[in-house]
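Q: Structure below; questions to follow.
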Amino acid sequence: MTQELHIVGGGMAGSEAAWQAANRGIRVVIHEMRPKVGTFAHQTEKLGEMVCSNSFRSDDHKQNAVGLLHWEMLAADSLIMRTAHAHRLPAGGALAVDREAFSQAVTDTLHAHPNVTVSQEEVTDLPDQGQWIFATGPLTSPALGEAIATVTGADRLAFFDAIAPIVHADSIDMGTAWMQSRYDKGETEDEQKAYINCPMTRADYEAFIDALLAADKTEFHEGETAGYFDGCLPIEVMAERGRETLRHGPMKPIGLTNAHTPEQKPYAVVQLRRDNALGTLFNIVGFQTKMKYGAQKEVFRLIPGLQDASFARLGGIHRNTFLNSPTLLDAQMRLRARPNIRFAGQVTGVEGYVESAAMGLLAGRMAAAEIAGQTLPEVPQDSAHGALVHHITGGAEAKTFQPMNVNFGLFRPLDDVRGGRRGRKERYKGYTDRAKAAWTDWLAAQGEGPAQGAAAE
Ligand SMILES: Cc1cc2nc3c(=O)[nH]c(=O)nc-3n(C[C@H](O)[C@H](O)[C@H](O)COP(=O)(O)OP(=O)(O)OC[C@H]3O[C@@H](n4cnc5c(N)ncnc54)[C@H](O)[C@@H]3O)c2cc1C
């Protein structure tokens, strides 16, 4: 086997794809443009950098679709997922990590792999020879973006997400705030007290909403069309939709009791989650924003407990580049017009670290099989990976295609289960049980048992 696999982009998807292919005996070259060419969001030259939140979201593999994706990735020996588990921080039911240690470990592991070479360069065209995976993410460099648009003949689509701010822990007033995970979730005391909570009275809340609505916001760049992805709405956009929206979203007070005044129920609560292993940084959960920097400081300091907050990083808006995959990619994630080229990660129209890495896992395995003259067994549609890849390569409506998080709505319905809210628990368990069986069979068809570390029942 002499053919190399070229992977463009060493983020979540590219790093995972490289690991999967290299472990199948394929020689891999990762072309990563950082640090020579940067993006506005990446801050290091490391592989697998987390550009915003330090969370891989829910780790519940029985009742949550992203938790199920975690389970499947661990079973398939995912580099991203096993490294995340190795650098996990207490965060209730979520899989949050120390971001520095995480990306350093991903970088070290790939650099040490005998089949992997890392080349620091920007790739600006789609070669017509060789096997390539493009995993260049939401911030694909403009030159490459143009080249993709030329080859695909389709316009790039752009929309905006927003970054949540990070606060220095020692600037938070713990005489006002308290530590608790919602519903005290978690096995250990650390887990049960993973979040810092800032309480608001009704008057605090109303004043906060007024300030949020009045704050200066960043304007869109010329030629950019605004269209937010619903899972990542900026808080000011939520507030514009209704004064109570935030109180039913990231500021909901349920499952929390103010340790300082247990008899007094807060009207709203702002939560902060640990952002590094040292516990010196906390991010404000769900507080993505496109307010201007000066306005952010003023508005966030209205939150009781954050009146003296010092910010390690303020929020911001960002671009997202993604393909109309249902029309452009085949079931093997290859560009129909150039089958020597695959795409993986967020650029294929999935959304999130986990989903992006999962699409890297599939693309890496598909490319490795092709180079070895084999075909990877069809990814089972009942697995979380299968539900997602099926959605982007054909299941989704091409005309209205928008980036997608993994969710049970992408799964084929189950027979004999109750619908509605009442049947939800049983239904979700049914989806995850079925997915695990399908995924285990798929791995077995490739001669693998579940890798060590896959969550047990
Ligand atoms: C500002 C911002 C905040 C986000 N916040 C979150 C969040 O909180 N949670 C979440 O789950 N997801 C978040 N996302 C989405 C997140 O980017 C993706 O979920 C995930 O990082 C995508 O993985 P990826 O591998 O597709 O892209 P990336 O991880 O971005 O990796 C792409 C890599 O390709 C490189 N590259 C780009 N163009 C070229 C080129 N021409 N040549 C060579 N290399 C190139 C880049 O430098 C980068 O390293 C955010 C995205 C952005 C932009």
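Any Cβ shown, glycine's included, is placed from N, Cα and C.
What you are looking at is a predicted structure, and each value in this text was computed from that prediction instead of being measured.
Annotated domain 'MnmG N-terminal' per TrEMBL: 5-374, in sequence order. Sequence annotations record features per position, and here TrEMBL assigns FAD binding site to Gly9, Gly10, Gly11, Met12, Ala13, Gly14.
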Q: Looking at the domain 'MnmG N-terminal' (5-374) alone, can you tell me the average pLDDT?
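A: Result for the domain 'MnmG N-terminal' (5-374): average pLDDT 91.
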Q: Below 8 Å Cβ to Cβ and six or more residues apart, same chain only. Which residues does that give for Gly14 (FAD binding site)?
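A: Expected: Ile7, Val8, Ile30, Glu32, Leu47, Ile133, Ala135, Thr136, Ala344, Gly345, Gly360.
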Q: Given the recorded FAD site (Gly9, Gly10, Gly11, Met12, Ala13, Gly14), which additional residues of the same chain have their Cβ within 8 Å of the Cβ centre, ordered by sequence?
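A: For the FAD site, the extra neighbours are Ile7, Ser15, Glu16, Ala17, Glu32, Leu47, Gly48, Ala135, Thr136, Gly137, Ala344, Gly345, Ser356, Gly360.
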Q: Sort out for me which one of Met12, Ala13 has the most neighbouring CB atoms within 10 A, since those are the binding-site residues we care about.
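A: Of Met12, Ala13, the one with the most crowded Cβ is Ala13.
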Q: Compile a sequence-ordered list of residues in the same chain as Gly9 (FAD binding site), six or more apart from it, whose Cβ lies below 8 A from its Cβ; state 'none' when nothing qualifies.
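A: For Gly9 (FAD binding site), the qualifying residues are Ile30, His31, Glu32, Phe134, Ala135, Thr136, Gly137, Thr140, Gly345.
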Q: Using CB atoms and a 10 A radius, I'd like the single residue among the binding-site residues Gly10, Gly11 with the highest neighbour count.
A: Gly11
Q: Three-state secondary structure of Gly10 (FAD binding site) from DSSP?
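A: Assignment for Gly10 (FAD binding site) reads coil.
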